[in-house]
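Peer 1: Dropping a structure here in C-alpha cells format, bear with me for questions.
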Amino acid sequence: MDPSLSPTSIYYAIKKETWRRTVVLSFQTLGILYGRLSTAPLYVFGSINPSDIKSGQQIYELFSFVFWTLTFIPLLKYAFIILKADDNGEGGTFALYSLLCRHANVGLLPSDISTTELMHQEEGTPSKMKVESRARRAIGRYKSSHYLMLFLALLGSCMIICDGIFTPALSVLSATSDLRRSLSKLAARFTSSEKARHSIDKYLKRYIPVPAACAILVCLFMLQRYGTNRVGVIFAPIVIIWLMFISGFGIYNIIHHPQILWAISPAYMFRFIKKIDISSWKLLSSIVLCIAGSEAMFADLGHFSKRSIKVTFVFLVYPALVLCYAGQAAFFSKHLGTSDDVAHLSESITHRHLQRIFTILSLFASLVGSQATITATFSIINQCQALACFPRVNVIHTSEKVHGQVYVPDANWLIMVLSLTILIGFRDISAIANATGLAVIYGMLVTTCLMSLIIALQWEKTAVFLSVSFLLLFGSIEAIYLSSCFLNFSKGAWCIVALSLIFMTVMVSWHYGTIKKHEFDIENKVTVDWLTELSPGLGVSRVAGIGFVHSNIVTGIPAFFSHFITNIPAFHQVLILVSFKSLHVPFVPKNERYLIGRIGHKEYKIYRCIVRYGYRDHVRNINDFEDQIISSIGEFIAREEQHHELLFLEEGRMIILGSRMTDGNVLVPVVVGGEQSGSGQHVADIENPTTTTTKRKKVRFMLPANSPKMNPSVRKELQQLVDARESGTAYFMGHSHLKVRKGSNFVKQFLVKVYAFLDKNCREPPVALDIPHAALLEVGMVYTI
C-alpha cells in the first residue's frame, strides 16, 4: 500500500474545514466551550472579601494580573501553541499522552507489536518516521519515566473531572446569589424598617441561593442527553448576549474611570509582588479563576476544530472579557468600602432596571458556564476508558459528523450528584472557588509538563531550547498561582485533593488489574499445536457451526478456552479467535479495521481476527459485527489463493482487510428479513437515547453463482464457511476472577480488591456486542497474580 494514498490519509483529508463550517462550529463553541470563561466574571472578584483589599490601588494591581494571565494562558499558551499539538484533531491530557506513547514509546498499556508495526507502515510517511533523538531514547529506556508520564496523564484527567464537578456548583451559586441580592433590594423598597429588611435578607440568604442553584443544576444535567450539537445551538445565543452585555458595561465604567487602563502595564504586577504578604498572596487564588475554562479549549477540541476555537476566542471572547474585567475593577476600586457586595459584578451595573436584566441573564449564563467542563469530562472519561484507565461505562456518540461529540450517561449522573453534594455541603462561594482554582491550575500545570515533552520529542532543531523555554515561562506562572491556591487548603481546596485521590485510586487500580490480567493471559496461553495436533488425541471432536472466541491476546490460544476444552472436549467446525485492540490514535477507518490471519493448516479452519479501534471510535457496539467478520474472512480466503506469500504467514502475522474485492470471488450477503435486538446504543439512537431496541437485519451469505475464476479449493472452503454459519454460531468469553497470592504486600492486595469490585459492578460488559443469551458461553477462571 502506498503510504501517501493510505485510507488514513484520505480519511483525514476529506475532513478539511471550510469557512462556512468554521462559522457554524464557532457559533457552537460559544454555547459549549466558552461559557465557562465568559461567566468567570461572576466569581473572580466576587469571591474576594472586600475587607481583604487594602486600597483601590491594590485592585489595579489585581486587574493587571487578570489581564496578563488572560493574555499568556488562554491566548498565547492554548490558542497559539497547545492547539498545534492535537492528535489528529483530538485534544486533552490523554491526547498528549497518546502522542508520547507513539513517539517516545512510553506506553504501559497492553499492545500488540504486529498491529502497531502495521499501523506505522500505513502511516510511514517521511514526516512520521523521524530519526530517533537522544531525548526519545533516554525517555524510552527508563521504565520510571513511563510511569511518570502515565501518572501525569491520570493526574491531569482527575483534575478535569474534579473541575467538572465543582464548576457547575460555583457558576450557578454565583448567579443565584445575584438573584438573592436583587430580591433583597426589591424587598427593601417596600419596607422602611431596618429590622424587617435584615430579617428578609436573612430569610432570602437561607432559602434562595442554594435551593435555586440545585434546581438549575438538575435541569442542566438533564439537558446533556441531547448532545453537544443541540445544546450548543441553544446556549450560543445566550453567551453572545451575555458577552455583549458585560463588555458594554465594562466600556461604560472604563469611560467613567479611564485610569484603569494604566493597570495594563506589568509594572503593577511587580508592585504587588514587591509588597507581598500571606494575606495578599491568597488573593491570587481568586484571580486564577479568570482562566477557568481555558483547559476546555484543548480538551474539547474533538468536538470542534482548531480554527473555530482560535477565531472565536481571539476576535470575541478575549476582548469582551478584558473590557468586562477592566470596567469591574474600575468600579470596585472607586467604591471600595461602600458595601459588602461591592466586589460582585452585578454592583458595577448601576442602572436599577438593567440590574434586573443582568440577574435573569446571569442565571441562564451560569447554565452555559458549566457546559464546557461537563463536556470536557465526558471526553476525558471516554479517552481514559479506551486506554484501559477507567472502568467500563456506556459512551454514546451524539453526532454522525463530529466523532468527538460524546455523552456518558453514568458519568453525567455521578457528576450531578457530586456537584449537588458540594453545593449543599459548602454553601459558600469562596470555599468552592478555592477548590475550583486548585483543580484548574493543577490541570494546566500537568498540560504544561506534557506539552514541554511533546516539544522536546517532536519538534526539530531547537526543540530542547523551546521545550525548556515553554516549561519555564508557563510553568512559573502556574506555579505562582498553585502556591496561592495551597494557602487556602483548609478553606475548601482540601476537597479537590480528596476527590482526586479517589479518582486516581479508581484509575490506577483499573489500569493495574488490566495489565495483570493481560500478563496472566500471556503467561498461560497454550500453543496452536496443542489445539490442532494434541487435542484430537485427547478425544476432542468438532461440531457443526462457528465458534467466536473472544481473546485479549493476539498469539496463541487463551487460557480460558483451553480450560473449556479440557473439561468439554469439543469445539466448532470453524473457529474464529477475535481480539479487540485499542490504538493510540483517535479513529481507525472501517477499511483498515480488520486484520485477518489463519492459524495452522487450512484443513483446521481456525482463523484469527483483530478488530482495531481508536480511543474515539465506537466499534464494539455494532449489530452487524458478525456479518462483517465472516465477510472479511471470506475475502481473506479468496485473496489468500491469489497471493501465494499469504500461505506462509507465521502465527501473529496478519493482513488488513476491509476494501471489498470486485472480481466476484467473495461471499455475497443477502438480506432475508429482520428481527429486533434489545441491547446496544448507536449513533442513530441519539434522537431517543433512552431507547435501546434497534432494528437488526438478518443476513445470509451465498457463493457467487457464476465465477469461473474461482479456484475449486477456495469455493470449497467458502462453502464450508457458509454451511457453518447456517448451522449456528456460539460466542466464548472468559469470565476472570483476580486473586492475590498469599504474602503479597498491602498495596497489591488493595489495588486488586478495588479492581475486582469495579469489574463486578461495571455498567458495561467487557465486549458490548449484541450477543443473544442462547449463543453466549462464559467460561469462569481464577487468575492468581
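Every residue gets a Cβ built from N, Cα and C, even glycine.
Not my notes, these are from TrEMBL:
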DOMAIN    26-532  domain 'K+ potassium transporter integral membrane'
DOMAIN    551-785  domain 'K+ potassium transporter C-terminal'
TRANSMEM  23-45  transmembrane segment
TRANSMEM  65-83  transmembrane segment
TRANSMEM  147-173  transmembrane segment
TRANSMEM  207-224  transmembrane segment
TRANSMEM  231-255  transmembrane segment
TRANSMEM  311-332  transmembrane segment
TRANSMEM  406-426  transmembrane segment
TRANSMEM  438-457  transmembrane segment
TRANSMEM  463-481  transmembrane segment
TRANSMEM  493-512  transmembrane segment
Peer 1: State the non-local partners of the transmembrane segment (463-481) in its own chain: residues 6+ outside its ends, Cβ under 8 Å from one of its Cβ atoms.
Peer 2: 69, 72-73, 77, 81, 133, 135, 284-285, 287-288, 437, 441, 444-445, 448-449, 451-453, 455-457
Peer 1: Counting only residues 6 or more past its boundaries, what in the same chain has a CB within less than 8 Å of a CB in the transmembrane segment (231-255)?
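Peer 2: 27-32, 34-35, 38-39, 41, 223-224, 261, 316-317, 319-321, 323-328, 330-331, 345, 348-349, 354, 357-358, 361-362, 364-365, 367-368, 371.
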Peer 1: Using Cβ atoms and a strict cutoff of less than 8 Å, what residues sit near the transmembrane segment (23-45) while being 6 or more residues removed from its termini?
Peer 2: 17, 62, 66, 74, 167, 170-171, 174-175, 178, 228-229, 231-240, 242-243, 246, 286-287, 289-294, 296-297, 300, 303-305, 308-309, 311-313, 316-317, 320-321, 324-325, 328-329, 332, 343-345, 362, 365-373, 375, 429, 433
Peer 1: Sequence-remote contacts (6 or more beyond its ends) of the transmembrane segment (147-173), Cβ cut-off under 8 Å?
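Peer 2: Long-range Cβ neighbours of the transmembrane segment (147-173): 36, 39, 42-43, 92-94, 96-97, 100, 104, 106, 108, 139, 209-210, 213, 216-217, 220-221, 292-293, 295, 299, 366-367, 369-370, 372-374, 376-377, 380-381, 383-384, 389, 415, 418-420, 422-423, 426, 429, 432-433, 435-436, 439-440, 442-443, 446-447, 449-450, 453, 496, 499-500, 503-504, 507-508, 511.
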Peer 1: Any chance you could find the range in 65-83, 207-224, 311-332 with the most Cβ pairs under 8 Å to the transmembrane segment (438-457)?
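Peer 2: Most contacts with the transmembrane segment (438-457): 65-83.
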Peer 1: Considering only Cβ pairs within less than 8 angstroms, which of the stretches 65-83, 207-224, 406-426 has the most against the transmembrane segment (311-332)?
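Peer 2: Per the Cβ under 8 Å count, 65-83.
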Peer 1: State the residues, same chain only, that lie 6 or more residues beyond the ends of the transmembrane segment (207-224) and have a CB under 8 A from a CB inside it; answer 'none' if no residue qualifies.
Peer 2: 168-169, 172-173, 175-177, 179-180, 183, 231, 234, 363, 366-367, 370-371, 374, 378, 407, 412-413, 415-416, 419-420, 423-424, 427
Peer 1: Just to confirm my parser: what is the rounded mean pLDDT across the domain 'K+ potassium transporter C-terminal' (551-785)?
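Peer 2: Taking every residue in the domain 'K+ potassium transporter C-terminal' (551-785) and averaging pLDDT yields 73.
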